[in-house]
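Engineer: First the structure, then my questions, so here it is.
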There are 2 protein chains.
Amino acid sequence: MGDVTARKRGRPRRTESDAAGTRDRILVAAREEFSERGYEKTSVRGIAKAAGVDSALVHHYFGTKEQVFEAAVEVAAAPALSAPAALAEGPLEDIGERFTRFIFGVWENPATRLPILAIVRSAVNNETAAAVFRRLVAAQLLRRVADQLDLPDAELRVELAAAQLVGTAMLRYVIKVEPLASTDIERIIARVAPVVQGHLTGP
Amino acid sequence: MGDVTARKRGRPRRTESDAAGTRDRILVAAREEFSERGYEKTSVRGIAKAAGVDSALVHHYFGTKEQVFEAAVEVAAAPALSAPAALAEGPLEDIGERFTRFIFGVWENPATRLPILAIVRSAVNNETAAAVFRRLVAAQLLRRVADQLDLPDAELRVELAAAQLVGTAMLRYVIKVEPLASTDIERIIARVAPVVQGHLTGP
């Protein structure tokens with residue numbers, strides 16, 4: 001960040017900001033391609049075409065398709081991955097509700113729902129995408145929640161809490177099972193948050 | 001069933017048993033194609049080829065691709081759809097453990113895991129397949145569990161219980177998040193069954 005500020009004040013370094021613009025354009029194109037087509041049907045060539053650059057440039061900036069996917073997911077999941085800090089602020093007896101509200105917040109917001117949906121769809125269908133999901137979401141988000149618990153089985157507790165949230169999101173937003181899909185979100189949170197709390201800090 | 005027995009005792013009606021054989025062969029081929037390729041990449045032509053019949057015959061017996069999928073899912077999910085009867089046998093205070101053991105039984109058994117995985121993958125990726133999932137699994141399995149509860153919000157309760165089970169299955173068997181993926185199933189059941197029970201019959 002310090003670098004960016006310094007550069008803004010001085011003369012813009014043309015080639016570097018061009019490079020940053022190209023990199024961003026490729027990332028936006030990648031996110032859209034992966035969201036629309038899923039991991040398997042997306043190609044580096046298709047991403048390059050959507051970004052208006054040569055495939056070689058995509059490889060130059062990111063490497064393989066898996067690495068482009070990881071970078072795109074990292075951007076899409078950035079709010080989720082920075083959240084554990086916010087989740088950590090507050091008493092441990094409310095962590096269930098904070099975790100629940102955070103996850104449903106991501107799903108209820110149309111701007112974040114689509115990228116998350118794309119990640120879930122890709123992870124369910126493709127082992128490479130599942131590995132990226134494990135590295136980013138599981139390792140970063142879940143482990144950091146687990147670190148706050150300071151309990152034996154902390155990781156398993158967090159994963160079973162996440163399972164309740166993931167499963168509810170799947171049935172509500174993806175499969176759209178009724179009445180779950182159209183029930184007011186506050187009624188869902190009232191039922192789910194105590195369960196999540198129980199997984200995290202219960203017996 | 002009575003019909004089949006009657007036919008066995010008498011002279012076999014050649015054309016009818018041929019038709020049943022062809023129908024079964026198409027269903028087996030359809031299940032394999034949908035499992036391997038997922039809903040979107042599977043075609044009626046591909047199913048016909050795998051079954052060694054003409055595409056017109058697949059349309060004749062089943063109709064559209066969606067209808068072939070529904071028939072194939074119905075066969076694959078037959079144990080799941082007949083289970084509510086077994087789930088109903090026993091006291092209501094154990095229903096959480098029975099429901100939990102039933103679902104993990106399907107996922108732990110390699111013979112049933114693959115068809116269920118194919119259904120989940122297709123339902124996550126395709127709205128038509130999701131609609132079939134809703135009709136078969138949600139409407140038949142979940143509603144029949146809900147009917148036993150005789151509580152207000154019974155359907156929502158069953159769906160949130162199912163969400164815990166679906167989410168745990170996703171993270172354990174599909175995404176393979178550790179330590180959940182390699183934890184002994186009895187330890188998982190010991191943690192999950194009380195949660196499922198709480199959803200179903202708790203406050």
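Along the chain as shown, the residues are counted starting at 1.
Backbone N, Cα and C define each Cβ position, glycine as well.
A TrEMBL annotation is a machine prediction, not a hand-curated record.
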Engineer: Pick from A:43-62, A:103-122, A:163-182: which range does TrEMBL record as DNA-binding region?
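Structural biologist: Going through A:43-62, A:103-122, A:163-182 one by one, TrEMBL flags A:43-62 as DNA-binding region.
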Engineer: Using DSSP, how many residues in the DNA-binding region (A:43-62) fall into helix, strand and coil?
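Structural biologist: Going by DSSP assignments, the DNA-binding region (A:43-62) contains 16 helix, 0 strand, 4 coil.
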Engineer: Summarise the model's confidence over the domain 'HTH tetR-type' (A:20-80) as a mean pLDDT value.
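Structural biologist: The average pLDDT of the model in the domain 'HTH tetR-type' (A:20-80) works out to 88.
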